[in-house]
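Asks: Per TrEMBL, the feature region 'Disordered' maps to 27-55. What TrEMBL records for 66-247 is domain 'Tr-type G'. Among the features that TrEMBL reports, GTP binding site is placed at 75-82, 140-144, 194-197.
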Amino acid sequence: MWTLAGQGCWRRCALAAWATRAVRRGLPAPRPAPTRGAAAESKPPDRSYSSADRKEKIDMSRFPVENTRNFSIIAHVDHGKSTLADRLLELTGAIDKTKNNKQVLDKLQVERERGITVKAQTASLFYDYEGKQYLLNLIDTPGHVDFSYEVSRSLSACQGVLLVVDANEGIQAQTVANFFLAFEAQLSVIPVINKIDLKNADPERVEKQIEKVFDIPSDECIKISAKLGTNVESVLQAVIKRIPPPKVHRKNPLRALVFDSTFDQYRGVIANVALFDGVVSKGDKIVSVHTQKTYEVNEVGVLNPNEQPTHKLYAGQVGYLIAGMKDVTEAQIGDTLYLHKQPVEPLPGFKSAKPMVFAGMYPIDQSEYNNLKSAIEKLTLNDSSVTVHRDSSLALGAGWRLGFLGLLHMEVFNQRLEQEYNASVTLTTPTVPYKAVLSSAKLIKEYREKEITIINPAQFPDKSKVTEYLEPIVLGTIITPDEYTGKIMMLCQARRAVQKNMMYIDQNRIMLKYLFPLNEIVVDFYDSLKSLSSGYASFDYEDAGYQTAELVKMDILLNGNIVEELVTVVHKDKAYSAGKAICERLKDSLPRQLFEIAIQAALGSKIIARETVKAYRKNVLAKCYGGDITRKMKLLKRQTEGKKKLRKVGNVEVPKDAFIKVLKTQSDK
């Protein structure tokens, strides 16, 4: 038997022999295992971060208010916001110049996979210009209409914006929407024409569009190529010259606005703050206006683009703050933070997001309910535009009804739940919030209001109880090459849209404005528009209130029993086609039984569509090799009576995977 000393001697000999073979083959020799004393030594620095991450704490007092600029990058989808942000980070030395720098600020896995920005991200840049060092706080924003709430929140921490427009595609629908968000916030706008290196780029045409639509002189446009880095330096210089410094007072008591927050499992809530007055440093006691709780600041710093701790943060600066908030409900976006015993008037905060689409969300296994609840709470802290109401269903169990800003927003939220929290969920059919005006005083007393909002179709009131139904409408903007105008107008008319305006923005591009019922565009309108226009048309919408409509509740019945999860609200004119489509999908999804299953779509007591799942049938005539027909008829009659009896006592339970299949197909059509 070996002694321990013998084992150690054998290990050292084996390691030496391995090292010799490795050197002969030209491979790096293996490192010896650390001794017990060495095990406690610190790890070598992570090479994946830039040199900026390993610096000492930065002294933020070096940047007076007049040398500070806060700005956002806004644009339509895929016009090069994140690529421009990468070049600005490289120019200011925040990240090393390498070929791997692609969408550095897009940190989420879903952003990398889809190639879009979902979360606004902050980065503090240090830039020397004319002998002075400037602090430039950059916020990269999403471009899709579903994430416009992120854009409006980001603009609250800024004094100016870079409006990026593609030199090839020109002004698009979301470019117009984002410009007016900045215009309403009274921010300085610097137009940047990107992608001038493309073969079909026409920056002069885009300059004329900007002048016509936004009334910005063409000589103020900066022409760049963010991909190649052409003329990007002039963007930083324009930020310093054209965007004013923040109007703040450092001698006043602290007033900080929480404009974003994330949850870290070890450090608690990390709040992104914009300081409007005063100074905050580690060890300060701060109070939240929303919860009135007091916290001690554990760490303050700037994002560069990774977290970089500092000694203090001063008014006019944007950074992060960790104060031991362990509960996700404690860091409300739009909250004001102030120093203990120095109360201040709270900042205006943000207008709450108005959900456009509602969907039921249930755990696939009810034992995962608490884990999913925790995951939703943490994710809604990071994405405050999602509204959450508790809900339950006979088939799917306990769950929630969530409100989203659009269908892409719903898909991204679901994908983030799966990727970041490993949570698998079932999503029901997306619906929009309808309203009903109640008819009797008794009902008004019961509901405590005359006009009720319905977010769950199963709770849609009967026509006898209401005077009228209201459906949400939106003002849609479509920008398209004029050759597709006819097809797009026909599509809009098929979706019950009303044309409001039509304007040429240049020789061959046209801007159409329509009033749409929201439920007509929420599922597949964008896909239809893109396919009709060969991908050239762009679409954006904004809330336009409610209008009266002929709405009906459509029930789906299996052998006469209503399936609550598949109840939908549809316009009267479209009830038949919608009912037939659901019945056909259910027919393909339901497993066959020993008895016949009738799948029906009904409006009240009127059946408008039907499909039948045929029963499994034993061949009772197999033993009859001829003989009298009456013998065969007797056997068939006995079988029919047995099936009839079985159908009376047999219940049809819809399997969960069939539910998911029907609901998924509905949202993918």
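Yeah, the Cβs are placed from backbone N, Cα and C, and that goes for glycine too.
In TrEMBL, annotation is done automatically, which means it is predicted and not curated.
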Asks: If you draw a 10 Å sphere on the Cβ of Asp78 (GTP binding site), how many other Cβ atoms land inside?
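Replies: I get 16 for this one.
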Asks: What same-chain residues, at least 6 away in sequence, bring their CB to under 8 Å of the CB of Thr141 (GTP binding site)?
Replies: Ser72, Ile73, Ile74, Lys81, Thr117, Ala120, Phe147, Glu150, Val151, Ser154, Asn178
Asks: Counting other CB atoms within 10 A of each CB, which of the binding-site residues Ala75, Ile196 comes out lowest?
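Replies: Relative to the other binding-site residues in Ala75, Ile196, Ile196 has the fewest Cβ atoms within 10 Å.
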Asks: For the binding-site residues listed here (Lys81, His144), which one has the lowest count of neighbouring CB atoms within 10 Å of its own CB?
Replies: His144
